Each structure stands twice: as C-alpha cells, then as structure tokens.
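Copied from Swiss-Prot, the annotated features are:
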type    : residues      : note
BINDING : Arg21, Lys120 : NADP(+) binding site
BINDING : Lys120        : D-glucose 6-phosphate binding site
Amino acid sequence: LWWLYRDDLLPKPTKFCGYARSMLTTETLKEQCLPYMKVQPHEQNKYEEFWALNDYVSGRYDGRTSFEVLNQRLEMMENKNKANRIFYLALPPSVFEEVTVNIKQVCMSLCGWNRVIIEKPFGRDDASSQALSDHLAGLFNEDQLYRIDHYLG
C-alpha cells in the first residue's frame, strides 16, 4: 500500500484501517513495517503523510461488538463523506463465515460501494469451497467479491 501511495496510484483521499485480534497501535505497526518499506530519504515526508492516513482497531473475529467499534472508526475516518470500502480478509478459513456476516450486518458503507477480498486457501476441497461460495452468495453480490487463492494464484 505504501508503494501505491508513494507513486500516487491511489485515489485521494484513500485511508486505511487495519483490524486484527493483536493488541497493536498504529505507531507499533509503523515501527514493525519500516524495515520492509524501502523508504528513501527524499520520501520521508510522504511516508509520514501515508501513516497519518492509517488507523488500527483491535477486536475479536466472533461477535458483533468489535465490528461495531470498527464501523465507528471507519465512519470517523470518513468524516461524513461518501466513502467506498474494501475489506481485505487474510484470515483463517475457520472464521470467514462469522467475519463476513459481521461485515455485512455492521460495516458496509451506506453511501459508497463495498468490496470483499478473500485471500487464503478458499476451502479445503471442492465441497468446502462450494460451501463458502454459497455462504458468500447469501451476503454479497458477485461483483462485490474477489477471491485470491494461494494455491491457485
């Protein structure tokens, strides 16, 4: 994301909000990411601008309450502006269903489009892959879904 931002390949004003179970802060994430970002000295100001657009929410994958907190943070970041939301799920397959239900029920943008990207093995076999596809079809339109499978990619 940093490289896309650095090269002005993202629409303005794109903002980023991470969500995971880990108890982290945005500052901690910034420190942990720095060795991998390949920031050149002349890019330091832009790098700081990039991190000013980032936020992080720690929460559970099960239950609605954490997703309500996430949605409140997203709304705060959007500041009542029209906003599109992309949910990039790099999660254990065992939590896909509960997380996608919570996203659908709590975190969808009401005044922009929504997309869900699912990255991971998409099921263990044909039957589990079909079950996940059926679950997602009950929540989202096909044009809202993107699937990235480590094994097929």
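Glycine too: its Cβ is placed from the backbone N, Cα and C atoms.
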Neighbour count (Cβ, 10 Å) for Lys120 (NADP(+) binding site): 16
DSSP-derived structure type at Lys120 (NADP(+) binding site), helix or strand or else coil: coil
Conformational class of Arg21 (NADP(+) binding site) under the three-state DSSP mapping: coil
